[in-house]
Amino acid sequence: MTFGDLFGTPSLLKRDSSQFDRGDVSFIIVAGAMVSFMIPGLAFLYSGLSRRKSALSLIWAVSASNAVCIFQWYLWGYSLAFSPTATNGFIGNLANFGLLNVLGDPSPGSPLIPDLLYSFYQMEFACVTVGILMGGIAERGRVLPAMIFTFFWMTLVYCPLACWAWNINGWGFKWGVLDYAGGGPVEIGSGVAGLAYAWVLGRRQDKELLNFRPHNVAMVNLGTFILWFGWLGFNGGSAFGANLRAIMAIWNSMIAPAFGGIVWCLLDYRLERKYSMVGFCSGSIAALVAATPASGYIHPWASVIMGIVAGAVCNYATKLKFLMRIDDALDLFAEHALGGIIGLLFNGFFASHSIIALDGVNTNVNGGWVDHNWKQLYIQFAYVCATCGYTFVATAIIAKAIDMVPGLHLKTTPEGESAGLDEVEIGEFANDYIEVRRHFSDWSAFGDRMVDSVASEMGGLPDLQKDGHRLRLEDPNLEIIEEKNSEIVEEPQPISQER
């Protein structure tokens with residue numbers, strides 16, 4: 001066997017160059033690039049929603065998890081999710097380890113594009129999923145254990161979920177589950193896993209929960225609309241060709257979030273009498289999540305209903321974390337898990353054969369109740385239960401196992417939480433700003449550096465502690481700089497008189 005035989009080069013050379021439409025291939029390349037652009041969108045969104053002192057740590061976590069996911073997907077992730085030779089219905093095998101023999105044959109997901117392109121496109125889905133999941137570490141999770149968790153979670157949770165729904169031998173695919181672009185693997189996977197990770201991680205300190213508000217709402221808006229742009233490639237590209245079904249999915253991905261954002265904003269207005277920007281962005285994202293599994297199955301009029309329902313349900317669902325006593329800081333469960341569930345159940349009601357067949361490939365797939373396919377709803381419901389249960393249990397086990405390894409505890413120290421993850425984990429800050437202090441060298445939230453430097457200047461530490469001639473952060477949660485014992489009595493200066 002030659003080197004070329006081992007890595008599948010002959011199959012590429014023998015393939016008819018006209019087998020794939022170049023328009024379809026170009027469309028999916030661009031759609032994959034759009035999905036990749038969702039990574040910085042997530043980073044900006046999470047950064048804006050957090051406190052300033054932990055803003056950069058979330059950008060770092062989302063960015064680094066993207067790199068870990070790419071490595072895992074190349075190594076064995078794609079094979080474990082999509083290898084067509086695995087027949088157990090739960091997870092794939094290692095037949096395509098290291099993208100072995102993944103070149104120019106028709107992909108296992110669609111005959112319209114080659115295997116190599118399909119693997120790239122699906123990799124971007126996985127990267128977005130782990131990026132969403134990183135919201136679970138907000139403001140108290142260490143980044144190194146989170147990266148190790150990402151690799152194992154991808155292998156043991158995401159790959160099985162993707163296999164169930166999209167592998168030609170997956171039990172969900174064979175049973176007839178309708179999951180267009182990832183209501184199970186992406187949305188329930190990230191939302192429920194984020195809840196489980198936050199549960200194992202533990203709550204933030206009570207003082208960190210007081211007066212909590214996003215530090216940069218403009219960044220929240222920027223991240224939301226970057227995500228919305230990328231979502232058009234996410235849902236449109238899941239038709240795997242430049243066809244009418246892709247256009248229908250894009251239309252549904254515009255209609256649903258528009259209504260979702262308006263509904264969420266109005267529900268918040270009834271309480272605060274203010275038009276919340278964060279509320280509008282949250283509602284838009286919730287409806288985009290619902291559109292993920294449904295946009296390629298339902299009519300536009302159904303997207304209007306779905307957007308309204310997703311905006312309302314996910315808004316009220318943000319209160320569930322208080323009932324469960326889990327510190328889901330960025331509402332991953334309320335937005336992503338429940339949004340994905342809504343989209344999957346809507347397929348049971350409103351999925352239409354006429355929409356599904358627009359791609360010219362899936363011409364024999366039945367819809368939901370609108371096509372009098374009454375059993376589709378319980379198929380969707382059973383699939384939701386299976387994905388939620390497996391994801392939560394498996395994620396909690398992985399997170400707890402990593403947390404028990406010496407040196408890999410998931411949560412930072414109380415002191416690190418008060419100082420902010422940007423200082424203790426990253427050593428850099430998302431936004432440099434000037435703090436008004438008596439001594440410029442006191443740049444630490446702890447104040448230690450200032451104490452050392454000033455003590456050396458004044459000849460000792462005790463006097464510094466007593467007279468309190470410095471400014472310090474009295475309450476890190478309020479981020480208000482207060483002066484302690486600032487009333488300094490100036491001794492009268494002798495007046496020189498000229499004679």
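Keep in mind that glycine also has a Cβ here, set from the backbone N, Cα and C atoms.
Quick look at what TrEMBL annotates:
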DOMAIN    27-430  domain 'Ammonium transporter AmtB-like'
TRANSMEM  25-46  transmembrane segment
TRANSMEM  58-76  transmembrane segment
TRANSMEM  116-134  transmembrane segment
TRANSMEM  146-168  transmembrane segment
TRANSMEM  180-202  transmembrane segment
TRANSMEM  214-234  transmembrane segment
TRANSMEM  246-267  transmembrane segment
TRANSMEM  274-292  transmembrane segment
TRANSMEM  298-317  transmembrane segment
TRANSMEM  337-358  transmembrane segment
TRANSMEM  378-399  transmembrane segment
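Between the transmembrane segment (214-234) and the stretches 25-46, 274-292, 337-358, the greatest number of Cβ pairs separated by less than 8 Å involves 25-46. Counting same-chain residues at least six beyond the ends of the transmembrane segment (116-134), those with a Cβ under 8 angstroms from any Cβ of the stretch are 25, 28-29, 31-32, 35-36, 38-39, 42-43, 46, 58, 61-62, 65-66, 68-70, 72-74, 77-78, 81-82, 99, 102-104, 107-110, 146, 150, 153-154, 158, 162, 166, 181-182, 185-186, 189-191, 193-194, 197, 230, 234, 237, 240, 332, 336. Across the candidate stretches 25-46, 146-168, 298-317, the maximum count of CB pairs under 8 A to the transmembrane segment (378-399) is reached by 146-168.
Of the ranges 25-46, 146-168, 274-292, 337-358, the one with the most Cβ pairs under 8 Å to the transmembrane segment (298-317) is 337-358. If you average pLDDT over the domain 'Ammonium transporter AmtB-like' (27-430) in this model, you get 95.
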